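What TrEMBL annotates here:
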TRANSMEM  45-65  transmembrane segment
DOMAIN    57-308  domain 'G-protein coupled receptors family 1 profile'
TRANSMEM  77-95  transmembrane segment
TRANSMEM  115-134  transmembrane segment
TRANSMEM  155-174  transmembrane segment
TRANSMEM  201-228  transmembrane segment
TRANSMEM  253-279  transmembrane segment
TRANSMEM  291-311  transmembrane segment
Amino acid sequence: MTSTKTVPNVTTLSITQPWNASNANTSTSPSEVGSRSLDLNGQNIAWLVLAIFTLLTNCSFLFLISCIKNLRKPSNSFIASMAVLGILWSVMYIFPRWALSSIINNSENWFYCSLTALLGIFFTIVINLHLCLISLDKYIAIIFPFFYLKHATNYAITISIGVVWVLPLSIAIIPPLTFRNFSSGACVLVNPNNLAAEESYFIAVFSILFFVPIICMVFAYSHIFLIANKQLKVLADQDNSQHRFLNIKAAKYLSIIVGVFLIAWLPYVIFFFAIYVGAVRPNLEIIDALFVLRFLAFSYPCINPVMYGLLQSDLRKYINKQMFFRNNRIEMFSTSQSGFSNGRPK
């Protein structure tokens, strides 16, 4: 691939960039066209609402994990790490890059504006690797239960979580260390003088660190369900059977979460790649469609803790218990008030 393609205009329409942030490219790009085709204020409000809800759902989920004793177990450390990721995604990326784009995307905030381009890639990869790690965790727990019980220590879990954070970080900082130099007073999203390197980096990163983990997730859950159908009814050891049944049940719930991730992210990534390689020529309708797909994809960290809360039995029991106690208190208070109003204290 060379820089003689239509890529120069398309590169500003990065998977993590807003339409109007193209200081690094002086030509009119599809990203700029998109900002004119949609109401900027409406976009900012939509992103602001998403950022707030993402922050609330993930903070609430972390709080519930700390309150519910049954959820404070090593395997749920992956889920807690994803909640932390959702909080950072909201505070460090959605808020400044999208909700407050008119404030961030200027020469005074040139460094952070340039940095958020890297943060978008970083967070996207971290989300994907977290889900891949969770699927592999359940896969090993079900297919190799004795190996899992022996090696699934707090140390191993901590190392695994560290890897899914450090690896994307090391990948995200490659551009400013090599082919994309930051420039004082300019929001540098791409290097217009080295578009071949920009294109190669982007395609390599998302091909390896986005699509390969997705393939691993699909393989893991497919194999789990095949094993479940073949062996669940013929397990001889009752204790092992119960343990395996619970893991399979949890895997089914987690597969729903992964399925929603694929529905949210795959259309956006595929659509973007089609634009990037020139298979689809950007116009107003295409850019509007890309906005919708981007918003859907970036909503995943907001709905992920909600889905987990609905599918996690311990969390459902805790919420139902709290609602039951609250309803009882309200009913008792109403009955007491009714008794006093009738002159019959109860």
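Cβ from N, Cα, C; glycine included.
TrEMBL: automatically predicted annotations, no manual curation.
The stretch from 77-95, 115-134, 155-174 with the most CB pairs below 8 A to the transmembrane segment (253-279) is 115-134.
Beyond the transmembrane segment (115-134), the same-chain residues lying 6 or more positions past its ends with a Cβ under 8 Å from any Cβ of the stretch are 14-17, 21, 78-79, 81-82, 85, 88-89, 92-93, 96-97, 104, 160-161, 164-165, 167-169, 171-173, 175-176, 188-189, 205, 209-210, 213-214, 216-217, 254, 257-258, 261, 265, 300-301.
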